[in-house]
2 protein chains.
Amino acid sequence: MTLGRADLEALDATDPLASFRDEFALPEGVLYLDGNSLGALPRATPARLARLVEEEWGRDLIRSWNTAGWIDLPRRVGEAIAPVVGAAPGQVIAADSTSVNLFKLAAAAVGMRPGRRVILSEPGNFPTDLYVLQGLAELLGDRVELVLAERHELADALDGDVALLLLTHVHYKTGRVHDLPGLTAAAHAAGALTLWDLSHSAGALEVELDAAGADFAVGCGYKYLNGGPGAPAWLYVAQRHQGQVRQPLAGWMGHAAPFAFEDRFRPADGMARQLCGTPGILGMAALEEGVRIVARADRARLREKSRRLGDLFLTLVAEQCGPDSFALACPADGAERGSQVSLSHPEGYAIVQALIARGVIGDFRAPDILRFGFAPLYLRYTDIWDAVAHLAAVMRDGDWQADRFRQRAAVT
Amino acid sequence: MTLGRADLEALDATDPLASFRDEFALPEGVLYLDGNSLGALPRATPARLARLVEEEWGRDLIRSWNTAGWIDLPRRVGEAIAPVVGAAPGQVIAADSTSVNLFKLAAAAVGMRPGRRVILSEPGNFPTDLYVLQGLAELLGDRVELVLAERHELADALDGDVALLLLTHVHYKTGRVHDLPGLTAAAHAAGALTLWDLSHSAGALEVELDAAGADFAVGCGYKYLNGGPGAPAWLYVAQRHQGQVRQPLAGWMGHAAPFAFEDRFRPADGMARQLCGTPGILGMAALEEGVRIVARADRARLREKSRRLGDLFLTLVAEQCGPDSFALACPADGAERGSQVSLSHPEGYAIVQALIARGVIGDFRAPDILRFGFAPLYLRYTDIWDAVAHLAAVMRDGDWQADRFRQRAAVT
């Protein structure tokens, strides 16, 4: 028995997260399956930014560092993110970019494991994770070596030379989920520390950093946290490590007394030492609005819905496009998959462009991956039906064969 | 013969920069002498941000990386800043914070001078400059040593062990200006590279990086560039060094082909390799609006006006408060001073608070400095008259002795 649109309407009608959609300003005529690249705009954000710009900056000027609480935003936003990733208070702060935060924590971890020189990751990890480690290894010369092991060989590669295991929890391309608690325990058994990149997890998956005994984590603010383009990122340091962590980007905001203007760096207590320069207040305020929404949603429900959206998408693609239309480039089992599905097709680029022309926004990842993300806060089950109907039409009618869809843009 | 307010009205009437004031949204009843901490709000910025948020982000979503040119903002903003600091195109890019950019370039410079381990700076330099160097030195161990020499001893300290001379062009507290061309030449004669922090210079002083043969520079976006609170910073790398500079924060935006998603880092050509993570688009757009205004102003006129504003302020303080009311904590000679004056007084903190209560915004720097900055784009000569009149009244009436002004806030 195949599914009908009415089945998905029924799911929407009983969706306990349905009301969250009203908190986002989604454009008419668009089916947005790319919230894993750039989250949608919260309705509250434009007014928050207008107030920040016109009143706090324009009218109150420098005083707003105190009176509008700008100076406290990195901590406040971090505390709002903490429960979203299963962290007790005092362990998360918003700062810089994911890349910069990876550098801070990878360097700190190496310092905490003298005599061990390996940072272990996997090939095909999100590029910036690997690049930042290469930059650190180049800077530190013989003191650090980046070793990449395939997923199934990671556990074996955790030997006595490994200082840090750095992985992205949900793979950006395949959506495959790592066993965060299991690999964390394995790393600890080998005497290594762990650094989890949760960019594709926070706000869509259930992550329990404290329960897993995680050491460090980072994540970006512009995907499921809806913080806007290039939003500040965040980082997590387990309470037990906070006294020992010396991250090398020792800017003035990480000082114990930034406004004492001392010559000598003294790291702040707790998470504040993870700060570096002056925080970008526009980005922090927008991120706070996005996080506020996510933090009110039940994580188990977010995860359950995200999985069902993905399962339904795959079922409907098989039913409506035919079982051989695409190769599966993600796990078929929703439990092993993040909040996205990936299909492969030699003409993937052109197909994604043809879908975009129809208002179905997914994205393409070289060489041949069509990636569709499911933001459980604002997607409806019927959106999945409608998106797959467009995909089936594109394949049936051959839309994608038009020249205008096959020409690659500089940035995709 | 003492000055009268009419003398300053006459200066305003013939000020060739006077029309720029209309491009800023300045609050009623405020005399803002703190544009060197946070520049005022350009009138064009709120609409630009509203459009960015509601249309580019909210309506066009992920597509705006291409269609709205987000991906190009760091380069575009950098190119707009370049002429403001006397740089030919292709040498400036906007990115991260000043602190993060200092780390990138200091690390790169050390790599370019193998065998030399000293980074030379001065005590009392802006804290983040010193802290970042301490963080780098701690990370690199024996390979780097931070040496501080007093201003008059810097030339002598430039020996064969110095890899990099890092100085802030205009001292944040005293306003004293370093001889940028002279010290650059002296460093080069000793085989060292130079890194100039132009946070208090760009947009107010004439800086000629290319003409001085400078190697590297950084600066912040939220002072005289009017980019808003925590605006992105910028960095300059002289064309001749661009091929050799390997900065360690090797994020994906610095890759030669970020969207090829390769495992191996290959630095981009030119300035793009100075990028790290995904740029904060809200901050970049606001900075672009601020820079657009500054870039249209003649640098020589900005510098001339900034000097006159400072000279007049000091003259009027002597005339109206009495010659012994304050000790001078900045050079008396405008040619040796940046776009600010500093006075010292044991009750400096309370006096600054009493001024703020009257709408005169300056700031206090521990332990006893009253600092007043002069943003030549939007300050009027009569503002100087009025501000000093308030200062004289505060001193005469003893406003500052009120308890509420003497209690220090956590952040000042």
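Glycine is treated like the rest: Cβ placed from N, Cα and C.
Owing to the predicted nature of the structure, the values given are computational and were not obtained by experimental measurement.
Record features (TrEMBL):
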- B:T98, B:S99, B:F126, B:P127, B:T128, B:D129, B:T168, B:D197, B:H200, B:Y222, B:W252, B:T278: pyridoxal 5'-phosphate binding site (BINDING)
- B:K223: N6-(pyridoxal phosphate)lysine (MOD_RES)
Can you tell me which of the binding-site residues B:T98, B:H200, B:W252 is spatially closest to the residue listed as 'N6-(pyridoxal phosphate)lysine'? Compare CA atoms only.
B:H200
Quick test of understanding: given the recorded positions B:T98, B:T128, B:T168, B:K223, B:W252, name the ones whose C-beta is under 8 angstroms from chain A.
B:T98, B:T128, B:W252
List the residues of the same chain that sit at least 6 positions away from B:T98 (pyridoxal 5'-phosphate binding site) in sequence and have their Cβ under 8 Å from its Cβ, in sequence order, or write 'none'.
B:T128, B:D197, B:S199, B:V218, B:G219, B:C220, B:A233
Which residues does B:H200 (pyridoxal 5'-phosphate binding site) neighbour through Cβ under 8 Å, counting only same-chain ones at least six apart?
B:N36, B:T168, B:H169, B:V170, B:H171, B:Y172, B:G175, B:K223, B:Y224, B:G338, B:S339, B:Q340
Using a 10 Å cut-off, grab the number of neighbouring Cβ atoms around the Cβ of B:F126 (pyridoxal 5'-phosphate binding site), all chains included.
22
Candidates B:T128, B:T168: member of the binding-site residues with the richest Cβ shell (10 Å):
B:T128
Near B:W252 (pyridoxal 5'-phosphate binding site), how many other Cβ atoms are within 10 Å of its Cβ?
25
Collapsed DSSP category at B:T98 (pyridoxal 5'-phosphate binding site):
helix
Three states by DSSP: which one describes B:W252 (pyridoxal 5'-phosphate binding site)?
helix
